[in-house]
């Protein structure tokens, strides 16, 4: 069920939470800039956006317009984007594991042992109240992304369209997504348009819609067959027992001068992600990073990718099919934009409208803010990043060149962007992933004709019924009704 919130209310709430949230712990700290650890590109879903677009480290607002230009003479008429929330704090569950490994590593209070001494002096500042909240870096992620997209496609980001409520903003109900959406709006209002009145008189509405952005919670078959099924991730559990993972555990135990029996794969993963959080949140090279070299990081990255593959990707068919509702929503928007644009063009040719309105649409832009768990199923449904051989616990060595690498696909603030262009004689669809061109399956054309894309996905467009896919079969072969509110 969608919930529409008045932007005044949301913005006031946002301002208050920004003041009171744990994010101020970071703002009040003395920042130090450390070197980027060599293992930074192996953090999976906890990877910084800058690791996949390193040019942003030099200029956070840079846009490579050359790579986005089409060969044809075209005019963009609509943009839709599915975007992950920005950089966040660890969840309460992760914080517990981080505290556990910290206690184990520092329990004897040894001194003079180099790395152990560094960790002993490291400040365990993470706490349960943070619980996945957006951090300042996460707000900046979305403000800057909004600015760059507007710079790349200025005709779709007009101040009038925003004031007239013709730009759509949809978000997951999670606070980190709502806050990311508001930060994205801030990037347009304050940074790109530099509106003098700021957000003072804005009356447009923000839509909270978990049916679209957290479809996985609404899909009973996914919840039962994957989320609550202990065997669904058996490949992940098996990999923790393999020599590659055991080698990392033994090495970490040795470096911390503790018994191997005191440490588990989950605790080692917690140490690994403390390195990632310190980098992404505080821009620090943490002493925890010293526990791992690149070979260790590749093993831990594979463990994370294996989990995402079997829980959100190609491992189980229902993972991708749970995103049917979002898939159809995107194409409904694109279809509507084509129909409206074509009507305007016809009217212009008949001299019924002014030239400047030719091809305009009622909704030039739509932005949908969700999670990595929103993007991965959708990308899998559409056939992207599918390896010939499935990822398993036994083929780590053979998967070194895999395309399913979550740190490259869904880092913080990752974005899948659809730009519909009106060209001579046809409409074309350009696709970007993290601001770089992404070709549709079975074509190298950076912007194939829209009808060709629809033909490519005809089976999904004609089927992929969320209610049918997500229903559980009953014992007698009939189908039980969905018990979740849709």
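Numbers here mean position along the shown chain, with the first residue as 1.
Glycine is no exception: its Cβ is also placed from the backbone N, Cα and C atoms.
TrEMBL annotations: computationally assigned, not manually curated.
The signal peptide feature in TrEMBL is assigned to 1-22.
For 74-423 (among others), the entry in TrEMBL reads disulfide bond. Residues near residue 423 (disulfide bond) in space but far in sequence (CB under 8 A, at least 6 apart, same chain), listed by position: 70, 72, 73, 74, 75.
Residues or ranges marked as disulfide bond by TrEMBL: 275-289 (among others). For residue 275 (disulfide bond), the same-chain residues that are 6 or more apart in sequence and have a Cβ closer than 8 Å to its Cβ are 37, 39, 43, 286, 288, 289, 291, 292.
For the disulfide-bonded residues shown (74, 289), fewest C-beta neighbours within 10 angstroms: 74.
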